[in-house]
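*Asks:* Sharing a structure here in structure tokens format.
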Protein chains: 2
Amino acid sequence: MSYADAETGSIEVDFGEDGLVPAVAQDADSGEVLMLAYVSPEALARTRETGEAHYYSRSREEIWHKGNTSGHTQSVREVRVDCDADALLYLVDQAGGACHTGHRSCFHRTVDGENVGERVFDPDEVY
Amino acid sequence: MSYADAETGSIEVDFGEDGLVPAVAQDADSGEVLMLAYVSPEALARTRETGEAHYYSRSREEIWHKGNTSGHTQSVREVRVDCDADALLYLVDQAGGACHTGHRSCFHRTVDGENVGERVFDPDEVY
């Protein structure tokens, strides 16, 4: 079941076998794709409750409030779901940079190894 | 190993245990996020060889040349990798619409069920 609920209109996200869906964070103003991470039902609920992006860290196996350590939070303007309801799009206002390397976006390299991204902070000063 | 190779500069993508990485397709001009799908090593190789987006269909368990049936192909201008090299970003010129529902983007609904996307073709006429 992944279609709009007739009563509430809200969409039931299909979290699949591992209980996670990929979520893309996009800068709501510039359209820049900032990062891709994974979201559990609880991470989505906290995102909607607080208005700040939460993810699920697969390596640490815990909910992750983005920017909790660095201050580089994401204020979420809108959450979208795709046609199969098994992927999310967070439209966000990104404080600082999304990437732990200091870049604005985690997608700051081409597959050929060229750096095409903007560095906006020094990770040694933040972490 | 997911860092730039010193000789070629190209980045080794970390395809993980299931041999797939999520790939986000973004309109290279408008910045609209069009879809999220999965990519195998062979799908990535074909994308780079042909300049047209290929994915791996998890349900059909086969390589999928996007638009092969509908004509709604994606001409790939650039492939980016994220900081962990376990997600891809395809910057594309999208013919027609990316979504099988006829919408320009698969992310045409908010999680509250509001339709915010543009319908650009009638799927009954295409499929």
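For all residues, glycine too, the Cβ spot is worked out from N, Cα and C.
OK, TrEMBL features for this one:
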BINDING   A:Asp82, A:Asp84, A:Asp86  Mg(2+) binding site
BINDING   A:Cys83, A:Cys99, A:Cys106  Zn(2+) binding site
DOMAIN    A:35-108  domain 'Phosphoribosyl-AMP cyclohydrolase'
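Mind mapping these onto the model and telling me what they sit next to?
*Replies:* Under 8 Å, Cβ to Cβ, and six or more positions away along its own chain, A:Asp82 (Mg(2+) binding site) finds A:Leu88, A:Leu89.
Taken residue by residue with DSSP, A:Cys106 (Zn(2+) binding site) is part of neither helix nor strand, so it is coil. Using a 10 Å Cβ-Cβ cutoff, A:Cys106 (Zn(2+) binding site) registers 25 neighbours.
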*Asks:* Using C-alpha atoms only, work out the spacing between A:Cys106 (Zn(2+) binding site) and A:Asp84 (Mg(2+) binding site) and round it to an integer in Å.
*Replies:* 25
*Asks:* Among all protein chains shown, how many Cβ atoms are found within 10 Å of the Cβ of A:Asp86 (Mg(2+) binding site), not counting that one?
*Replies:* 17
